[in-house]
Amino acid sequence: AVFSDYNYTLWNFIPKNLFEQFRRIANFYFLLIFLVQLIIDTPTSPVTSGLPLFFVITVTAIKQGYEDWLRHKADCSINECPVDMVQQGTVVRTQSSKLRVGDVVMVREDETFPCDLLLLSSSHDDGTCYVTTTSLDGESSHKTYYAVPDTMDFKTEQKVDSLHATIESVAIYTGMDTKMALNYQSKSQKRSAVEKSMNAFLIVYLCILISKAVINTVLKYAWQWSVDRDEPWYNHRTEIDRERHVIRAFTDFLAFMVLFNYIIPVSMYVTVEMQKFLGSYFIAWDKDMYDEELGVGAQVNTSDLNEELGQVEYVFTDKTGTLTENNMEFIECCVDGHVYIPHCVPVCTSVDQCGPVWTSVCLCSCVSQEHEDLFFRALCLCHTVQVKEEETVDSIKRGIHLGKPTSFYISSSPDEVALVEENVQCIMSGTKGVVSSCVCSRFELLHVLNFDSVRRRMSVIVKSSSGEYLLFCKGADTSIFPRVVSGKVEQVRARVEQNAVEGLRTLCVAYRSLSPVEYEETCHQLDDAKLALQDREQRLAQAYDLIERDFTLLGATAVEDRLQEKAADTIESLQKAGMKVWVLTGDKMETAAATCYASKLFRRSTQILELTKKRTEEQSLHDVLFDLSRTVLRQRTLSGSGSGNYREIFLEISRNCSAVLCCRMAPLQKAQIVKLIKASKEHPITLAIGDGANDVSMILEAHVGIGIMGKEGRQAARNSDYAIPKFKHLKKMLLVHGHLYYVRIAELVQYFFYKNVCFIFPQFLYQFFCGFSQQPLYDTAYLTLYNISFTSLPILLYSLIEKHISIETLKRDPTLYRDVAKNSLLRWPVFLYWTCLGLFNACIFFFGAYFLFDNTTFTSNGQMFGNWTFGTLVFTVLVFTVTLKLALDTHHWTWINHFVIWGSLLFYVIFSLLWGGIIWPFLNYQRMYYVFMQMLSSGPAWLGIILLITISLLPDVVKKVLCRTLWPTATERAQVGRTLFRLFIVACGLLSHFSSMAMRGCWILA
């Protein structure tokens, strides 16, 4: 009975993790480059490729290993749960992972079932037990189960005396064969849209790299074609060397690949990994997503999908426990058209005796006091509610009042609990809204006609202390009204319809008085049906149909399945942000539709289109889809009439609806709906959110899975990518965290490609001036540290703390989410702009320095600069330009930004001074000695550096000013509005200050 959610084990971590990492194009490419550098003679050291690659692989492995270790801990907490197992007549405590099929398990009160069990016996005499399925489907109501009749009496006095409220059952399915596990979707590796864009961009840059290497190889041999440009006389090639021109050309091609390989930003991956890992803590630390009631905050199970939170287009949500609290609240009742609305005000002498005050609204002129009395008695008697003491479910205690355990009610229907809690203390009477004194009455429960989904009602037969037999019945209006022969039907029907429009759950209450002869006949019918050996269920249904008739209507109740706090506001914000919300639930359509109206997913003006089994039975599926298509898509004909096209037609219809509700969904069907949308031609980003184990499949199937850590179990939270306490926290997670994460990582990716183009394209241009000799433009230390030290930390900090717009603005205006939707910041036009900007800056660096070097006597003593000074000048302009470019893109400045940006530039200067100012004994060359200091001693070099940096940054600044002025986005308009508001506040402050000074001056003059 072992559950596993981890990816690695101790033995396969290294090979499996290496395999996963080298599936990335950049990692695999740098591995090949490193091997090439080891095999052949290349212009750069193998350290320049091997060291960054080793750093990337190590950091990523540590991060992924840590996250998998957390999954191991979560799995162990489940697999090592203690379980009592019966062996050889004794109770043995073992771990749930050691259970096998056929083991007899003893489950005590408030314990969790370790696997699928068959109930053999219970401590209750009738062999019943009450089970909550919160960890399966989020339902917190108690469901009644019965022991196998043949084993129901299989008990001993010793067990009864030593164990209280125990259940003996036999394991029938364990581990991954349980019903819950079989409903799980197979877990696969999720990759974000940003990572897919990164891979696509890498392929483009890899093609550019190969093109550069091919061009330089061809031009090299074209350059050396003439005899006077062949090798010098002291190094002439032999005839054997001349015959190996193909091998030599291939070797030169590989050498150029090594020389230009830095255009592929291998350090980008480790920076992205660190940004995701460190950035995930901001979600966990968010105090706005902490729930005081549960004592938990948001939880991040995987940090690989942070930016995907800013790209969601479809939200698939469960209903019970996710949108609603699964906590019914009694709203009102109607007796013969007389409406009672309770207000919880203490009117008794003690807390335990306090009852509600009822405010009445009279809808008719005549109200029978007898009917009022019967109505409230029916609510107190017609139910299957049980009294229970303190209960603990998933470490959350119920039945605690002022620190002391108290009794509370449990039932298979949460509606019944709400009705009994409001009415059990006192029976209300009177037409003035006055609470009568508590009247104690005794009734004997004779028969219970249980509720079923076909009849949609339940009844009880009771005997009063005076000997009168009464049949009380409550159920759906459609099942009660046809069986009523008297009562205020029209008045009650009108109130029921009004409550249904308001999204309330309604029940009608009726009664029938039975004579002793009728009661005896009823008992005979029930006994015959219960003892039938064949068609027992059908015989019982027929008996119920004969008994439940000729009712007198008493009234109706209205109960609200309370929405979670701010659930409606969250859904409304998500829809404004451009997301489509689908509700996937196992509930019936009427209940789910009421919740959709209450949560503002459906509006009163919304045209509702239904695709139900009843409608497909009346019409063919083709005709139903034709009608829906004509309504939604404005199409007069369906393209194709084969059954194979129905799926595409349904998908097209659903995608054009503002909201979709799917009812009576099994767990795997929920996952299939999510998969259907994922596989559509637009390939939208999907998010699934739920609270129970029946939601795990769709959580795993969606691009982003979110679990609710409510009181309905932890299965969804354990298997999700992110977990939040309440549904309302989804708003900030998407509109704020998702928005900011995507903007930050999009800037990070584009910036990395940009700075590497600026870095390596001057190296390409330099080959045209050195006879394609593979001479490096930069020193080895600069090649190695450019991406690791000089330019990595500023962009990492930027991607962690940048806020291009305030959090309050993002929450207040959900439409800003649309500006970053559909991967807008990583589209090909944006990528092309960054690449062209990098090429432009690289040309400015190289040719600007080249024209300055046209006069080689830079220094005051007439000393000439060499090629390493030229490369250092280009590299200095490069480092300052790309760092200042990031500074210009920063909107949210803190002391950390200042420290990192200016500190990085200072570190480069200090490193260059030390690297060129000391003769290092471990180096076999000293080509950089005194180069940097010699460059800084030249006035024209200083002027050239400042001039080239200014020219490089100017086009981007001009472009931003023009775009913000002529074609501003919603985000840019919000930024301008925020700036104007700040200026207004500052101006008001200055005006107030000057006014106070003027007033003081007036007093002084006076």
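Note: Cβ is positioned from N, Cα and C throughout, glycine not excepted.
For 7-49, the entry in TrEMBL reads domain 'P-type ATPase N-terminal'. Over the domain 'P-type ATPase N-terminal' (7-49) the predicted model carries a mean pLDDT of 79.
Per TrEMBL, transmembrane segment is recorded for 22-40 (among others).
Taken from TrEMBL, the feature domain 'P-type ATPase A' applies to 83-144.
According to TrEMBL, the feature transmembrane segment maps to 200-223 (among others).
With a cut-off of 8 Å between Cβ atoms, the residues of this chain six or more beyond the transmembrane segment (253-272) that come close are 24, 26-27, 29-30, 33, 36-37, 40-44, 49, 52-53, 55-56, 59-60, 198, 202, 205-206, 208-210, 212-214, 216-217, 745, 748-749, 752-753, 755-757, 759-761, 763-764, 774, 776, 783, 786-788, 792, 795-796, 799. Under the heading transmembrane segment, TrEMBL lists 253-272 (among others).
Per TrEMBL, the feature active site, 4-aspartylphosphate intermediate maps to Asp318.
If you look up TrEMBL, you'll see Asp318, Thr320, Asp691, Asp695 marked as Mg(2+) binding site. Within 10 Å of the Cβ of Asp691 (Mg(2+) binding site) there are 33 other Cβ atoms, across all protein chains.
Sequence annotations record features per position, and here TrEMBL assigns ATP binding site to Asp318, Lys319, Thr320, Glu416, Phe451, Lys474, Arg505, Thr585, Gly586, Asp587, Arg664, Lys670, Asn694, Asp695. Around the Cβ of Asp318 (active site, 4-aspartylphosphate intermediate), the number of neighbouring Cβ atoms within 10 Å comes to 30.
Residues or ranges marked as domain 'P-type ATPase C-terminal' in TrEMBL: 717-969.
Long-range neighbours of the transmembrane segment (781-801) within the same chain, counting only residues 6 or more positions beyond its ends whose Cβ lies under 8 Å from a Cβ of the stretch, are 44, 47-48, 51-52, 55, 262, 265-267, 271, 274-275, 278-279, 282, 744-745, 747-748, 751-752, 755-756, 759, 871-872, 875, 879, 882-883, 886, 889-890, 892, 894, 896-897, 900-901, 904, 907-908, 911, 915, 928. Feature annotation from TrEMBL assigns transmembrane segment to 781-801 (among others).
Listed by sequence, the residues of this chain that lie at least six past the ends of the transmembrane segment (831-853) yet keep a Cβ under 8 A from its Cβ atoms are 197, 201, 204, 750-751, 753-759, 761-762, 765-766, 769, 865, 870, 873-874, 877-878, 881-882, 940-941, 944, 947-948, 951-952, 955-956. The feature transmembrane segment is assigned by TrEMBL to 831-853 (among others).
Under 8 Å from some Cβ of the transmembrane segment (865-887) lie the Cβ atoms of residues 751, 754-755, 758-759, 762, 766, 770, 775-779, 782, 786, 790-791, 794-795, 798, 841, 845-846, 848-850, 852-853, 856, 858-859, 897, 901, 904-905, 908, 912, 927-928, 931-932, 934-935, 938, 941, 944-945, 948-949, 952-953, 956, all in the same chain and six or more residues away from its ends. TrEMBL lists 865-887 (among others) with the feature transmembrane segment.
Residues or ranges marked as transmembrane segment in TrEMBL: 899-920 (among others). Under 8 Å from some Cβ of the transmembrane segment (899-920) lie the Cβ atoms of residues 779, 781, 785, 789-791, 793-794, 797, 872, 876, 879-880, 883, 886-887, 890, 926, 928-933, all in the same chain and six or more residues away from its ends.
The transmembrane segment feature in TrEMBL is assigned to 940-958 (among others). Long-range contacts of the transmembrane segment (940-958) within the same chain: residues 837, 840-841, 844-845, 848-849, 852, 858, 873, 876-877, 880-881, 884-885, 888, each at least 6 residues beyond the stretch ends and with a Cβ under 8 Å from a Cβ of the stretch.
For 979-999 (among others), the entry in TrEMBL reads transmembrane segment.
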Given the binding-site residues Thr320, Asn694, which one is most crowded in terms of C-beta atoms within 10 angstroms?
Asn694
Give me the count of other Cβ atoms within 10 A of the Cβ belonging to Phe451 (ATP binding site).
18
Say you check the Cα of Asp691 (Mg(2+) binding site) against those of the recorded positions Asp318, Phe451, Arg505, Gly586; which is nearest?
Asp318
Within its own chain, what residues at least 6 apart in sequence put their Cβ under 8 Å from the Cβ of Arg505 (ATP binding site), listed in sequence order?
Met328, Asp415, Ala558, Val559, Glu560, Asp561, Thr591, Ala594
Structural state census, the domain 'P-type ATPase A' (83-144) (DSSP three-state):
7 helix, 34 strand, 21 coil
Proximal residue to Thr320 (Mg(2+) binding site) among binding-site residues Phe451, Gly586, Arg664, Asn694 (C-alpha distance):
Gly586
For the domain 'P-type ATPase N-terminal' (7-49), what are the DSSP-based totals of helix, strand and coil residues?
27 helix, 0 strand, 16 coil
Spatial separation of Asp695 (Mg(2+) binding site) from Phe451 (ATP binding site) - C-alpha basis, Å:
27
Could you tell me the C-alpha distance between Arg664 (ATP binding site) and Asp318 (active site, 4-aspartylphosphate intermediate) in angstrom, no decimals?
12
Would you mind ranking the binding-site residues Gly586, Arg664, Asp695 by how many other Cβ atoms sit within 10 Å of each Cβ and giving me the lowest?
Arg664
